[in-house]
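A.B. asks: One structure coming up, written as structure tokens, with questions to follow.
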């Protein structure tokens, strides 16, 4: 029998490839690989770099020839800078891999930005033999993958679990992350936030909420994640469960590694420009939480909200979400041009 969710993947991949992205597997260390959709130019550049032979300089050339060569190289470098697009890294949440999460965003960004869509560990084809399951480890490895792709500066866009990874990457690598857009997330999942959220939503554990095993459980997750209640036939819920909730043991470990003690929690010291983009009706991490984070982060952070949108605001209200995102990215881009 056809799994309709699985059957849509080739179509989505075709659309992504048509937008100029290619799937790349980056080895961080033996046993640890990250799968990521990257601009096709990056794939071609890496292949060219690997096949290039060493060029031995002609020492017999005179000074004037060397001077002309230096001028030519400088002009070429300047042209490259002018054509270089700012990098945007889209970091997914816990319910789906990267390209499924951001299927309504990549198309509006690729013309003006270098778009990178990674799969975090145990999503898609990303995996690790390491025992560490913390957001910090995800952030360190994602940053290492971007380094290997020669990404020097980027805006990290994180949703839910991906927002925690993005916050951590910005904290660990301020040289890499120049700005942040975070939706439906927190700095870190503390004991108190976890317990309060689960009690409010009526779930016994994070696994019960985020890794449903039944159609009823998946319906409950979508119900609390969206402002507008949508109806789908049960066979689509069943197909989604089969496709999107693999690696259950490892993902349960990710949830365990997510929660930290209240005494270990701290506000990250961030100097980046930050947009906290929220659904007004987010039932998982409400808008008041975003406003509290803005106060803790200071004047570099701003809060913007989208009406009639819940936790999955980028899916429920993609046009509104994209407008806010593009406006912020344009602001960051203009500031970078002035530097």
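Glycine residues also receive a Cβ, built from the backbone N, Cα and C atoms like all the rest.
Bear in mind that TrEMBL entries carry predicted annotations, made automatically and left uncurated.
Heads up, here are the entries from TrEMBL:
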| type | residues | note |
| --- | --- | --- |
| DOMAIN | 86-193 | domain 'AB hydrolase-1' |
| REGION | 49-82 | region 'Disordered' |
A.B. asks: Would you mind giving the whole-number mean pLDDT across the domain 'AB hydrolase-1' (86-193)?
C.D. replies: 95
A.B. asks: How does the domain 'AB hydrolase-1' (86-193) divide up by DSSP, counting helix, then strand, then coil residues?
C.D. replies: 37 helix, 27 strand, 44 coil
